Structures are given as structure tokens and as C-alpha cells.
Amino acid sequence: MYIYDEYDQQLLNERVAQFKGQMERYLDGKIAEDEFLPLRLQNGIYVQRYAPMLRVAIPYGALNTAQLRALAKVARDYDKGYAHFSTRQNLQFNWPKLEECPQILADLAEVQMHAVQTSGNCIRNTTTDEYAGVIAEEVTDPRPYCEIIRQWSTFHPEFAFLPRKFKIAVNAVPGADRAAIQMHDVGVNIVRNDAGDIGYRILVGGGLGRTPILGEEICSFLPEEDLLTYLDAIIRVYNQFGRRDNKYKARIKILTKALGIERMRELVDAEFDRIRDGAGKLTQEELQRVKKHFTDPAYRELQNNPAELEAAKAESPAFARWLGRNVRAHKKAGYAVVTLTLKQIGTPPGDVTAEQMDAVADLADKYSFGELRSTHQQNLVLADVEQSQLFALWQEAKALGLATPTLGLLTDMICCPGGDFCALANAKSIPVAEAIQARFDDLDYLYDLGEIDLNISGCMNACGHHHVGHIGVLGVDKKGEEFYQISLGGNSGGNHTEEASLGKILGPSFAREQMPDVIARILDFYVAKRSEGESFLEAYRRIGHAAYKEAVYGPAN
Amino acid sequence: MAQLIKNGQLIQDSAWQLVEDSAEATSGSLISLGRWQSEREALLPAAQAGDIGLYLESDQTADLIGDDASSFPIIAINFPKFADGRGYSAARLLRERHGYKGELRAVGDVLIDQLFFMKRCGFDSYALRDDQELEVALAAFSTFTACYQNDVADPRPLFRRRA
């Protein structure tokens, strides 16, 4: 992974000192509340329902074990002993003291971590595929490009006060969308053209929130060295012309819709033409410098499916089940990619204790070259595990509650912190997730249902990505009471880009206690109507929205 | 009177003032873009003589004045609210695209914690809001010793400077 040089470290240390000073001035009453707001946001601090929340950046999901142990220490020393992985691969602490945040950030800077631009109206943490660098399908490893974007976006002088937040995601698997790039302000698809050159297909104007829109193509092939100047051009157009009068209409998706993609492209191209060959143009030297940080670890020469693995599979059906569900093929023979699920029943999705973090760090040191990744589905990945070690790893992970074999199934839900923590939420989301997990805890049934994305957001801001869940749940407020609206048919793209879609609202909302029954009605209908081997999403698309509506609400009068 | 920092120094200077479009533009007047566009020929000699400057609102993009920028001794860019970031693009484009070399002044809701960004985008004078502490403001210009991106102060991004 990327290791800071003296410049990176110095910049981060200076940032820590800057924010310490800003906090002191704020606590002395020398910065007004509304003027401190963007300063704390750009250092990751929200003021939540009960306490401040600190969102620490995990750039494109990459972590080493020293960093994870430092995060565990923060959870223990400054918080209540746990933390929460978010849907943008970051980590959130829910109970830090505001005045202690500068010291937390100083501690994290020692392990090259920060909370820079994890919030606020600026360019946010770039996200990518959690399997980057270890799967054979990718065009090239997207992480060096993400790191280059990270550096370019960090303290960008021109774009610290954009109309609204700005999120970039990078995918490098052809025909797939492994980072939900169509749902981002800018989606970068790394591609190879007919001549074999690396470049990018660029999407613009995607986003969830209260106006969900899939991004549109603004550039079909951008040469490799033009990445940063092109991003400069897009964001410069947005900074100048994005709406600032209404925060709900301020994202670049609204500007793109208002102008139309053709006009947007003209404006961006006009800007880009004037800067593309300037000093901001990326160099091959820089690409190579950053790529050197993402070389393969010292893999051994091994065979696939070693005898130990086959024997363990035969002996333990539970292990075989986990292997089939939570373990993925690796580009290197004899290795595997393991997902540790943070979806234990009774625990909010994405939550992890300090003890679990330390234990996962030990596992990563022991089995996966001391590195791991966080995922936008709120799980953790050990990317380089020897297949002969999988059984030993499974036993340890199981003891830690991190081997629930449900990756991609109904109960591997995406869920925002909701009204239990978040000041924006209209409704709680965690109790809904827990009630659904408790109701559908039979593994055979979950396996029979197959892959289902169930995504829960506590409000319109859609942190739980409800628009792109096959089943989406949105918390709404009706005269002070919490209700839940269901949508069906959303899809984030995943392994088939062309299938991305936004969910359609099913009908009137439900009370919280009705939710497990309502989900059961939807699932029962699917099970009754599906054809052989037909997935939930396929069946929904074939049978149609109206039939599901009737199954849930009864026949229309 | 706003507190002014110019080229890293505290300055007592109230010379430049925005005047109404209907008022006479005299020495020390900052005029609106609209007025410049409608009275360009009449005002050009005074601008070129260094007597009148231009005042841009945050929704007025740099290309609206374009290469005419160099007619003025000073251009002020207004930040109606500190969170309105359009002025950063305007400043940068005046410097980098339109070749503007004169004084570029940030006016309006100009706060300490914006100064470092403003300097990088090409501002060289800052009419700070009255409540801002000047000593803290002066120190803010040296918050960071290196920057990743190319900017007006240094056209080379860090990746072209890294050894």
C-alpha cells in the first residue's frame, strides 16, 4: 500500500497543527459556530444527535495492521470501545469528545491516517473495489489512480468550498461496476482502448440522496495522463455554475440535468482544452512512483485447491459453506480473497469492537501480509490468504463472530447509523436491520433465497444506499412518528454494469414492527413465483412491480 | 473600515471603494462589471492610468472580463459568504488564463482560515472582516510548507517537484 514520504507526512502534521489551532480559537469563542462548521467538517467531525462523530478516512479502503490497531486504541481511549465502518469505506467513531478530536487526529497522523475531507462541501474520500489488485478480471490495479486522486484532492486550493460534497469512485473491472461508480458525482472507469492503452471512461452526475440519478458518460476515453486536469475541468465548471441557493439542488447531478449532458460536455471540454497540457498534467514518472507502492506481496509458488483445503471441506460442512460464500478466487494460484463479515446478528451492520479490531489485525498479520481492506458493503477483506490456511483462519474468525457465511445474502445488509446516532435521520435504521436479521436467521433459507441486496437508510440522504437495494428501505417521518417506505428493483451494478437501476417505491409506508412481516411477504411471493435458478432481481423484473405491490398490499380496488 | 493585508503586511489603506453605478467614478473607485461593460470606452483611460479598479461579484466569472482584466490596477472579488467558493476559480483564471498581474483583492466575508487557499489562487491582498485577529491571520499564510497541486504561486504540482 502507499507509504507516505516526507512531504505527505509533513503536510499531514501541518494539518493536525492547523486544526488544533482552529479548535483552540473555537473553544475560546473566537470562531463563530457556523464558521467553525466547515473547518470541523473538513476534519471529519459532525455534531450528531448525542455527541460529535469523527469520520476517519480509509483512502479507497486500504488499511495496514498498525493503522487498525491505532483505530482500536482510539476506540478504547477516546470512545466507548467500538467503531463503525461506513458505506464509503471509512470508519466512524460515535462518541468522541469534541475537544479531544485534535489529539485523536494527532495520534492517527503517526500511522499516516487522517480525517481530511471526510465531510463538508469538498472532494471526499475516493472509493474503489475492495478486491483491487488481487482479482484477475481487472484491467489494472485501480489503487495507484485512487492515491493520485487522493493527493490531488487533498487541500485543493480552488475546490474547498464547492456548492456541495463531491464524491469520486473508481472501477477497473470491464463490464462490471465494483465501486458503484454510476452513483457518484464522478465515476472513473479504467479501461484499455483498442490500441492497448490505459485510459478512463468518465461518468458524471450520478448520485443517490433525494434525487437519485445514474451518472452519464461525459468522456468515452480519456488518456491516462489526463486524469487530473480533466477532473480539474469538471470541478471548475461545477464550482462556477453549480447551484448554491438550495442545498438539495446543489450536487453536480442537478447541474448536469439542467444543462444536459451535451452542454456539460462542451463546457468541460472547453475548460479541459485550455489546461490539459499544462503543468497539472500527470507524468509517467509519477504514475510509476505511485504504482511502486502497490506491487504484489511476496507470494509463494503454490497450487490451487491443496489437499488440506479439500480435506477440511469434506470434514466440515459449515466451513465449506463459508468457503463457498465468503471466499473468492484470487489471481495468484494457491491464494484466496476472504471477506470477514461485520453482520453478526445482534450487532449493527458495520460495527466492530476494539477487541475485534485488534484480533483482525492479528489475523491480517498472520494470514494476509499485514494488510486489509474495508468495503462499501461494510465488511472487511483479507486479500491474500493462502488456501491451505483458510480452515485455520475460518476457525479463528468464527470465534470472533466475523465468519457469518452470508456475504451477498439477505442479512448482509447495508445500513446507515440512522436515528440512533445521526442528527439528520428521520427514523432509526439499526433496529429494523436487527429485526430482519433476527427473523431471517435460518441459513438454509437464506441460501435458498440467494443473493439479495437489502439496503436501509434512515433518511433521504441515502447513506444506506436504499435506492440501489434489490429491496430498499427508507425511514420517513410522519407527524413525528417513524415509518418505513419500501422500494424494489434497485441494483448498484455490481458485476454487471448495464443492469444498474434505481428502485421503485412499492406503496404506503409501514410501522417498524410490521417490517419483518412485510419483508417476509415479499420473499414468500418471490419464492412462490420464481422459476428454476431465477434470482430475486430477475424474478422481480420478469413478474413486474404491480404483482409485488398486490402481494404486499392486497388487490387494488 | 476593513482590515487589510497586502503582500503579507498589514496596510492602512481605504483608498479603493466600490461606487454605485450612478455615482461618478473618481480616483480610488471600484466599478461594477456591468458598468465597465456599458461604459468601457469612457472608463478605459482612467483604468489604464491606475485610477479605477474593478469589482466582481461572486457569480461573475472571470471570462466575463477576460483579457480586459489587465486594464485595471486592482480587481476586487467579493465573497458574500465565506462558504461561497466561486471566487477561488475567478481569481485563479484571472491570473492563469487572462494574464492579470495587478492587485487581486479578496473582499467581503474574508476569514482567517480561507487565506491560505486564497493566496494559492492568486490573491495578494485581503480585506479581512473586522472581527478577524490580524496576528493570527498573518500566521495563516505559512500553515503549510508544501502543497500537492499546482497553483498560481507555484505552477508545478508536487509530483513535478518530488525528487
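The backbone N, Cα and C atoms fix where each Cβ goes, glycine too.
TrEMBL does not curate its annotations; it predicts them automatically.
Residues annotated as domain 'Nitrite/Sulfite reductase ferredoxin-like' in TrEMBL: A:53-111, A:345-399. Annotation source TrEMBL lists domain 'Nitrite/sulphite reductase 4Fe-4S' at A:119-273, A:413-549.
Most Cβ pairs within less than 8 Å of the domain 'Nitrite/sulphite reductase 4Fe-4S' (A:119-273), among stretches A:53-111, A:345-399, A:413-549, belong to A:413-549. Here the domain 'Nitrite/Sulfite reductase ferredoxin-like' (A:53-111) has, by DSSP, the following mix of helix, strand and coil residues: 29 helix, 15 strand, 15 coil.
The average pLDDT the prediction assigns to the domain 'Nitrite/sulphite reductase 4Fe-4S' (A:413-549) is 91.
Residue counts of the domain 'Nitrite/sulphite reductase 4Fe-4S' (A:413-549) by helix, strand and coil are 57 helix, 29 strand, 51 coil (DSSP-based).
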